[in-house]
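*Asks:* Quick one: this structure, given as C-alpha cells, is what I'll be asking you about.
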Amino acid sequence: EWDRWLLMGVIGTAVGMLGFLTHQIIDSLIKLKWDLVEKYLQVSKRKTWSMDAHVVICFSIGQDGNIHMTWLCALGAGLAMVVLSSSSVLFFCPAGSPSGLPEIIGYLNGTSIQHLFNIKTFLGTFVSCVLAVASGLFCGPEGPMIHLGALLGCGLSQLQSDTLGIHLPIFTRFRNSADKRSFITAGAGAGIASVFRAPIGGLLFTLEEVSSFWDIRLAWQTFFCCLMATFTTDLLSSSLYGFVYRGHFGLFEAEKRIIFWNLLDVNVLAFVPTIVLGMLGGLLGALFVSLNIKINKLRMQFFNSIPKLFLRKTSKLLETILILTIVLMSCVSPHLFLCVAAAALLLENGKQGITYLFKRGTHEEFGYTSLCTALAFYFILSCWTAGSAVASGLVIPMLYTGALYGRIIGLILVSIFGIQTNEYGAWIDPGLFAAIGAASFFSGVSRLTISLTVIMVSVLS
C-alpha cells in the first residue's frame, strides 16, 4: 500500500499549493482593483476598533471625493473580471459551472458526467473562481476548491490525459473506477481542508456530504491527504504574502488563522439565545434554499426559451454582469443614505468582513441599521449569485449572512443587559453570537452538522 499512501501525500501537497495560489491571486487582484479605484477616492481613514494592536481601517468617501467616478471605476474593474470569469465557464469549459460540488457528488454516486475531470475544466474553473471572488460578487472559493481538489485527485492518480496525449506507465493499478473514486474523494476533502485549515473537517465533510463508498482504510488515507494539504498551505502562507517573501518561512503565526485569541466563560443562560439562533438559522436556511431553487427554475426557463446556443450563453454572461452591477450599487446606496458602516461591510472582501463581525469586545462597532441593511442586500444577492454562470462557492456568503443576524441578536442582548465587564456576564458579546449565527445559517442551508462543527472550531479556536 506504500504507493497509495504516496499518491495521497502527493495529491494533498498539490491541493495545498493550489489553495495557497488561489488565495494569493484573489488577494492580489482585490488589491489591484482598489489601487485603481483609489485615485478617484479621497480616503479618510477612520480607526474603528483595535484589538491586540490589530487596527481595522474603514474607508469612507470624503466630502470632496467623487462618488460617481469611484463607482464607475470599481464597476469597470469588476466587470472586466466577471466577464472573463463567466466566459471561461460558458465558452471554454461548461463543466466548470457553477461550483462543481453537486457534479462531484453525482459522479461519486454513479452518475457519469462528460468532461468533468479534464484539463480544460481545471483551468476554466480555476480562472473563473479567482476572478469571480475578486470581482466583488457575493461568493467564495470553497465550492470550486473542492472541485479543483477532486480534479487533482483524479489527474495525479491516473497519470493520463487524452487531451494532452499523456499516458505514463506508472501507478497503472489505480486505473479502475473504485480507486479513482477513492482518490477523487480524498482530493475533494483536501480542497475543503486547505480552505479552512481544518484536516479533520475535510475528512468529516467527505464522509458526511461527498462519498457513498467508505471504509476505515479510505478514512485514514483521506485524513493524511487533508493533513498534507493543510500543512502545505500553511507552510507557503508563512513565507509569502501577496507573492512577496516576508522572511518567516516555517513560522505558523496564530493571528493569521485564529479569530478568537482568548476564550470566554459561557453561562448556561447563553443557551437560550443560542437555541433561538439555531431555529432562526433553520428557518432562514430553508428560505434561502427555497428562494434559490425558484430563482434557478426561472433562470432555466428563461434561458431554455432562447433557441440559439450562442445567444443563450451570451444571455447568461449578461446576467452575471447585471448581478455585479446591482452588487456594486448595493454597496454605494447605503453610503448615500449616511449608513457608512453598512457600505463598508458590503464593500469588504467576504473573508475579511466575517473577521470584523466575529471580533469580540466590539459591542457598539456596528449598529442595527448597518447590520440590517447589509443582511438584506447580502441575503438576496448571494442567493441570486448562486447558480449563475461563474465558478463560485456558497460557504463565505453563508457564514457572512449568519454572522450578520447573529450579531443583531448579540446587539439586542447588549441593549437589554448593557455591556458586561464581569466574568459572569462576559458572554453577552455580539462577536460570540455572530460566530454562532454563522454556524446556524451554514447548517440550515447545507444540512451539515458534525463536519460543520469541527470546521467552525478549527476556524475560531
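Even glycines carry a Cβ here, placed using N, Cα and C.
Annotations for this protein, taken from TrEMBL, read as follows:
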- 6-26: transmembrane segment (TRANSMEM)
- 71-97: transmembrane segment (TRANSMEM)
- 117-139: transmembrane segment (TRANSMEM)
- 183-207: transmembrane segment (TRANSMEM)
- 219-245: transmembrane segment (TRANSMEM)
- 266-291: transmembrane segment (TRANSMEM)
- 321-347: transmembrane segment (TRANSMEM)
- 368-387: transmembrane segment (TRANSMEM)
- 399-419: transmembrane segment (TRANSMEM)
- 431-460: transmembrane segment (TRANSMEM)
*Asks:* With an 8 Å cut-off on Cβ pairs and a sequence gap of 6 or more, do the transmembrane segment (219-245) and the transmembrane segment (368-387) reach 3 or more such pairs?
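*Replies:* Answer no, regions not in contact.
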*Asks:* Who are the chain neighbours of the transmembrane segment (71-97) in space, where the CB to CB distance is under 8 Å and they lie at least 6 residues beyond its ends?
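*Replies:* Here the qualifying positions are 29, 32-33, 36-37, 40, 103, 113-116, 118, 120-121, 123-125, 127-129, 131-132, 134-137, 144, 147, 313, 316-317, 320-321, 324-325, 328-329, 332, 388-391.
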*Asks:* So, does the transmembrane segment (368-387) come close enough to the transmembrane segment (183-207) to give 3+ Cβ pairs below 8 Å, pairs being at least 6 apart in sequence?
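*Replies:* Contact between the transmembrane segment (368-387) and the transmembrane segment (183-207): absent, because fewer than 3 Cβ pairs are under 8 Å.
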